[in-house]
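Taken from TrEMBL as is:
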- 6-25: transmembrane segment (TRANSMEM)
- 63-256: domain 'ABC transmembrane type-1' (DOMAIN)
- 67-88: transmembrane segment (TRANSMEM)
- 100-121: transmembrane segment (TRANSMEM)
- 133-155: transmembrane segment (TRANSMEM)
- 175-197: transmembrane segment (TRANSMEM)
- 204-223: transmembrane segment (TRANSMEM)
- 235-256: transmembrane segment (TRANSMEM)
Amino acid sequence: MKRIAALFTGVCVLVILVPILWVLLSSLKTGDQIVGHPWSLPTTPHWVNYVNAWQTAGIGRAFGNSLLVTLGTLALLLPSGAMAAYVLARYEFPGRGLLFGGFLGGMMFPHFLVIVPLFFLMKSLDLLDTRTGLTIVYVAYSLSFTVFVLTGFFQTLPKELGEAAMIDGAGHAGTFWQVMLPLAKPGLIVVGIFNAIGLWNEYGLALVLIPSAANQTLPLGIANLTMTQQYQSDWGALFAGLVIVMLPVVIVYAIFRDRIHETMLAGAVKG
């Protein structure tokens, strides 16, 4: 049984790593090498592919836009989501269950049903084709998941600490900001990473709300770069663009890997 599990795990690892390795190697080859010998190693690394992708294809501009939108969304999302989750986890009040059910419903609601009215709303507010407008939409889009996860995390924290802070005169706001929020740091990191990965790769909302090339995010930049390959053969730049998209996600996961595993295991044990 252990051998079967090990074999299955090895197959899964290969299925994940082989395409990534192939994209990485292809980003260092010329277009002729990619078409003629797709599985061969690059004879000489063709680093100009990354220059072409970053400058000529506009991936550098799209990278900056995605970075600003993602960081701006997280800066607004995590504090607001943490406050809402703390109230839902710690206080009893009329309508609490209905409010929490509303957040759950937001997770299940298909956002493509509101794309058309959302387009006209953002246009009427002069937020269409702006990074600010996309950031606001992303905050609303991600709030339900954030509140759901952090509510469960706040419920696992000891109530005695909050009660002791209240007795010492910290007040409700002081208890949250000075005691409970620092204790929730592992949960904030994990939910922030999951949201960041989702926002970094989000395509549908950005496609509708960002029509111009100047403000497009990375998924839109890669899609446009893919379409241009119908008329030219710079496949190396396309694969280099894909590597640029993947690299930040891999770096973030490598940095916070242990914290993610610890938080998930702690939640499994407490659950």
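Each residue, glycine too, has its Cβ placed from N, Cα and C.
Just so you know, TrEMBL annotations never went through curation; they're auto-generated.
Remote same-chain residues near the transmembrane segment (175-197) are listed as 70, 73-74, 77-78, 81-83, 86, 90, 142, 145-146, 149-150, 153-154, 157, 161-162, 165-166, 249, 252-253, 256, 259-260, 262-264, 266 (criterion: CB distance under 8 Å, separation of at least six residues from the stretch ends). When each of 6-25, 100-121, 133-155, 204-223, 235-256 is checked for Cβ pairs under 8 Å to the transmembrane segment (67-88), 133-155 comes out on top.
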